[in-house]
Amino acid sequence: MAGLEVLFASAAPAITCTQDALVCFLHWEVVTHGYYALGVGDQPGPNDKKSELLPAGWNNNKDLYVLRYEYKDGSRKLLVKAITVESSMILNVLEYGSQQVADLTLNLDDYIDAEHLGDFHRTYKNSEELRSRIVSGIITPIHEQWEKANVSSPHREFPPATAREVDPLRIPPHHPHTSRQPPWCDPLGPFAVGGEDLDPFGHRRGGMIVDPLRSGFPRALIDPSSGLPNRLPPGAVPPGARFDPFGPIGTSPPGPNPDHLPPPGYDDMYL
């Protein structure tokens, strides 16, 4: 137990009861696990400083000890309280960041010899058992809960573009005139069906209306001026607009037959 004897020697003049000796042992165990003492009390004070020694005034109240600690890398802070209840001491530890709590109850007579508080070699009884109980009852639970809270804490992540609903009023991506348009279309999310029907710019994607002329298969270009004596001026038909030519479309594949469905009641012989 390297360091405990040195700590005990520095605090020996202030150790006047069994609970003082137990808090001294608890402090040493916390420090050996990478913590520094900051000060006493629930709230930070102007005299706080990192130290491996017990802070000034650590045992002013023999019934309630309140110490604050900070991990060596500053990642976590502990609030340690030791409450004396008759011949027992209740140890309570709070980790500020995760708000995790651990507690342990110890019988003072099992680990402290009240008759030899001035002799380090005789003050502590069953020191290995005492150390094991502090580690398993306080240190390990706090560390495990802190690590678990950090691993399982939710991180806000936006879903990928393919899983988000497409905003029909968004501004289309800008492509300089000197560069070519990319040959691919933006992927649509599963909940964006029909969104293109609301897009006034009429991009290359389809909506909910079936358009055989835009089914994705190769087809001949349609001249919107077909059947007119003169050609339509440039820009008369917006790009991507659903436009029916004024006249026959020549050798292009014919459109859907308007009579491909039977009229209502065609099979009623009495109609």
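Using N, Cα and C of the backbone, Cβ positions are placed for all residues, glycine too.
The compositional bias 'Pro residues' annotation in Swiss-Prot covers 251-265. The N-acetylalanine annotation in Swiss-Prot covers A2, and the record cites similarity to another entry as its basis. Summarising the annotation, Swiss-Prot assigns phosphoserine to S153, S252. According to Swiss-Prot, the feature omega-N-methylarginine maps to R205, R231. If you look up Swiss-Prot, you'll see R219 marked as asymmetric dimethylarginine, on the strength of similarity to another entry. Taken from Swiss-Prot, the feature region 'Important for homodimerization and interaction with FBXO7' applies to 2-150. Here Swiss-Prot flags 222-271 as region 'Disordered'.
Counting residue by residue with DSSP, the region 'Important for homodimerization and interaction with FBXO7' (2-150) contains 61 helix, 42 strand, 46 coil. For A2 (N-acetylalanine), applying a Cβ distance below 8 Å and a minimum sequence separation of six or more within one chain yields no residues.
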